[in-house]
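Since the structure comes first, as structure tokens, the remarks are kept for the end.
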Amino acid sequence: MAKFIDEIKLTLIAGKGGDGIISFRREAHVDKGGPDGGDGGKGGNIYFVGDKGKNTLLSLYGNKQISAEDGINGGPKNLYGATGKSTYVKVPIGTMVFKNDKLVADIIEEKEYLVAQGGIGGRGNAKFKSNRNTAPRICENGTPGEKYLAHIVLKVMSDVGIIGKPSAGKSTLLSAISNAKAKIAEYEFTTLVPQLGLVKYHDHSFTVADLPGLIKGASEGKGLGIQFLRHIERCRVVVQIIDFGSEEKNPIEDFEIINKELEEYSKKLASKPKVVVANKSDLQGFKERVNIFKAKYPDVEIVEISAIERQNLEELKGKIWKILEEAKLLPADEEEETEENVEIKLEDDYKISNPYAGFFEITGPKIEQIYHKIPLVSYDNLIRFNTMLKKIGVWDDLLKYDIKPGDTVRILDYEFEWDGEF
């Protein structure tokens, strides 16, 4: 059996945009050839693609990172750099991608979802030609692609989730009402991964998941614990199956333990529509235990079945279908806020430090953005770099630090001597 992996962390690195270049036409018989430096190509994106044929994140297990190709640099003669090749990764339906605890993508369909945006290609000097500057020696580097540590979580998607204590009959019930061939045995924790099945009821159908058995303390991680409680969150209806046929079992205690675990894990989960199923009606003492339960919980409606003998299963399917139909009329659950991947945005801030006399260092997201965007390879680019720093207030702030001509200023790995002119 394939290993069930439903949570991993890895780094996503989209492609960097290609750099624009400085170039001028140099052709025989062409007098005063103008600028012809082309733009860099866009960096490749990373997409996750929903695949109903997958039910685990095993294919991503062991990967430290997923990357896309960088864009190609521009060329002379106004040649645009090629776009970097995007990367497409197939993942199970129900996969969620988080960045700094914010939801980036919720894969609920068989389609492509953008999870990391490629960088923008830098402009070549042909784009900077104007009436005032007919021979610009200005170009831009491509911007970095989006890079972050992704927290990837799989929550199995099904209409109905079957929950209960170990050996309550969950797998037997799934096999009896659906097309699933679940593993069944007379020992606890037979089900180690969620099992999915399709249930047909008259002209309708719905999906059911058999989830690993819950024990006291599951919400704190005991047994298979929190790892599988999260899968129930995706279900629209919860079927709680209880063993009413065994003398050593306590149906009331089992009912209360499961409800407490759901409540402690998530109030939203505990409030989902629920069908309580009394299993093993074929065994002696069943009816007596049902009556004791009803005396304690007269308002809890239960469906009496025997999963192994396939007794009263049509009534159960009808009850589930009715609740599913009623659930459609309820307000939709609030979705987690999704972070838009339109463009990498940086804050407009910077910091000036003066660790010792005659030395100043400028750091911050906005400074890095400008520095990486403008390659300091020509006088015109230096002028543009200087102008942008002046525009955001860096030079005025340096004067407040009483900077003097001859002092050293460092911006990342670029150092220059302050001459008092800007």
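Yeah, the Cβs are placed from backbone N, Cα and C, and that goes for glycine too.
If you look up Swiss-Prot, you'll see 2-157 marked as domain 'Obg'.
Residues or ranges marked as domain 'OBG-type G' in Swiss-Prot (evidence: sequence analysis): 158-325.
Using a 10 Å radius centred on the Cβ of SER306 (GTP binding site) and all shown protein chains, the other Cβ atoms total 21. The GTP binding site feature in Swiss-Prot is assigned to 164-171, 189-193, 210-213, 279-282, 306-308; the stated evidence is sequence analysis.
The Mg(2+) binding site feature in Swiss-Prot is assigned to SER171, THR191.
Residues or ranges marked as domain 'OCT' in Swiss-Prot (evidence: sequence analysis): 334-420.
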Among SER167, SER171 [binding-site residues], residue with fewest other Cβ within 10 Å: SER167
Neighbour-count leader, CB within 10 A, binding-site residues: GLY164, LYS170, LYS280: LYS170
Residues of the domain 'OCT' (334-420) by DSSP state, where helix covers H, G and I: 29 helix, 20 strand, 38 coil
Mapped DSSP class for SER171 (Mg(2+) binding site), helix or strand or coil: helix
